[in-house]
Amino acid sequence: MQLIWLRSDLRAQDNTALTAAMERGPTLAVYLLSPAQWRSHDDADCKVDFWLRNLVELEKALGELNVPLLIREADTWDQAPEVLATLCTQFKVEGLHLNQEYGINETRRDQAVQKAMEKAGVHFNSYLDQLLFKPGSILTKTGNYFQVFTQFKKVCYTRLHEAMPHPVRTPQAQAAQSMKSDAVPEQVKGFATPSKALRDLWPAGEAEARRRMDAFADEQISYYKTERDFPAKPGTSQLSAYLAA
């Protein structure tokens, strides 16, 4: 059994870890609720609500792939190694798959989880997924970091022209499993549910994210430079919430 640990990558399409896991064999997905950790990061009520609503949409997409979505709680990220190790033992997981995150707390969390997996005899697999380049891989000819942005940008453009990354293919549905997905909670303790008016401004799901991206690329991008600083105008992509989920 393979396990994908979902974090800020709540999508079924172009998800490196999900595709890799399903190529290895039967796959489960898990999402950890971490309310104490989120409060320490001062995450807003509307942000947590947006995550939950995206989980609901993702559960439907994973259902089409016959991948059960499990919901577990690790109140703080210090508890993540134990929670995941217990899950791996319960379902005889051979490999844990995740997409890399780069914040300081996220890095420490993942390092601790990796150690726990090694101790449990579970293969730990992490993937470059959210970035075009691995952090620290764009260097000068002498192997140092760039100090001038324009030179850094030129090297990035050159590499992208040489090998533009392609979306990861969506995996084929696996054989149906007897296990059912857990119910996604409507609310997490300590985080209030936002008003309907606010929620309606930010519909959840991959389809809405793609719609906004297409609208920005086809229409708004042409006047982004002149209207991005005027809040009363729809001059920005309004994609940030989706990129963070």
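Quick reminder: no glycine exception, Cβ is built from N, Cα and C everywhere.
What TrEMBL says about a protein is an automatic prediction, not a curated fact.
Over in TrEMBL, the protein carries these features:
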BINDING   Y224, T236, S237, Q238, L239, S240  FAD binding site
DOMAIN    1-132  domain 'Photolyase/cryptochrome alpha/beta'
Check: same-chain CB within 8 A of FAD site center, minus Y224, T236, S237, Q238, L239, S240: R212, F216, Q220
Rounded mean pLDDT for the residues that make up the domain 'Photolyase/cryptochrome alpha/beta' (1-132): 97
Number of other Cβ atoms within 10 Å of the Cβ of S237 (FAD binding site) across all protein chains: 17
Other CB atoms within 10 A, centred on Y224 (FAD binding site): 12
Binding-site residues listed as T236, Q238, S240, least Cβ neighbours within 10 Å: S240
Cβ neighbour count within 10 Å of L239 (FAD binding site): 13
